[in-house]
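Student: Reproduced below are the annotations present in Swiss-Prot:
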type	residues	note
TOPO_DOM	1-12	topological domain 'Cytoplasmic'
TRANSMEM	13-36	transmembrane segment
TOPO_DOM	37-55	topological domain 'Extracellular'
TRANSMEM	56-71	transmembrane segment
TOPO_DOM	72-82	topological domain 'Cytoplasmic'
TRANSMEM	83-108	transmembrane segment
TOPO_DOM	109-183	topological domain 'Extracellular'
TRANSMEM	184-205	transmembrane segment
TOPO_DOM	206-218	topological domain 'Cytoplasmic'
Amino acid sequence: MATLGTGMRCLKSCVFILNIICLLCSLVLIGAGAYVEVKFSQYEANLHKVWQAAPIAIIVVGVVILIVSFLGCCGAIKENVCMLYMYAFFLIVLLIAELVAAIVAVVYKDKIDDEINTLMTGALENPNEEITATMDKIQTSFHCCGVKGPDDYKGNVPASCKEGQEVYVQGCLSVFSAFLKRNLIIVACVAFGVCFFQLLSIVIACCLGQRIHDYQNV
């Protein structure tokens, strides 16, 4: 078998370096998912199931990227064509999954205001212990009151709407929706960075795999 030339050694180094970057990005993605999960878990009674599942899905994707990146590193170090192609295949599957997730996120981003409005209004009209506790957390955390303002309570303002004797005047719909959108943007930025490095890794891994295959058959 011929020895890999300078160009192939360069490709091998690129695959290894890109996978180290993907490993680090996956850790950031896992951290971002955990952060969002902690934040969202406080208000899960007022969230659609898609939003409740999103942080867990982000963490799972991060773990999968971590494992796949490790496979890519091993394939590059061992100059194993099969491992490199398996690595590229898994990355392609991940990219497709991430694209689907991005489409779902965009669709639900446009529906956040309507969804939160419906859920919060329903919570005020048909309260129960869990929903009331969630609304209290939202009102205390975001210094807001009701859906659009304290008038939603028709004079029976709860203690969570007050700081001392002062009643919060801002409604919770706008601030809570902004909170969800902010966290969505954070995760989207991290995911976009990961996708960029994944795409580069796929191209370079396929090139390296093909060249190694050619060298092994010289």
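The count begins at 1 with the first shown residue.
Keep in mind that glycine also has a Cβ here, set from the backbone N, Cα and C atoms.
Looking at the shown structure, what environment does each listed feature sit in?
Tutor: Confidence over the topological domain 'Cytoplasmic' (1-12), given as mean pLDDT on the 0 to 100 scale, stands at 67.
A Cβ distance under 8 Å defines the sequence-distant neighbours of the transmembrane segment (13-36), meaning residues of its chain 6+ beyond its ends; these are 54-59, 61-63, 65-66, 68-70, 72-73, 75-77, 84, 183, 186-187, 190-191, 193-194, 197-198, 200-201, 204-205, 208.
Long-range contacts of the transmembrane segment (56-71) within the same chain: residues 19-20, 22-23, 25-30, 32-34, 36-37, 83, 86-87, 90-91, 94, 97-98, 101, 187, 191, 194, 198, each at least 6 residues beyond the stretch ends and with a Cβ under 8 Å from a Cβ of the stretch.
DSSP assignment over the topological domain 'Cytoplasmic' (72-82) gives 9 helix, 0 strand, 2 coil.
Across the range of the topological domain 'Cytoplasmic' (206-218), the DSSP-based residue counts are 11 helix, 0 strand, 2 coil.
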Student: By DSSP, what is the split of the topological domain 'Extracellular' (109-183) into helix, strand and coil residues?
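Tutor: Helix, strand and coil residues of the topological domain 'Extracellular' (109-183) number 48 helix, 4 strand, 23 coil.
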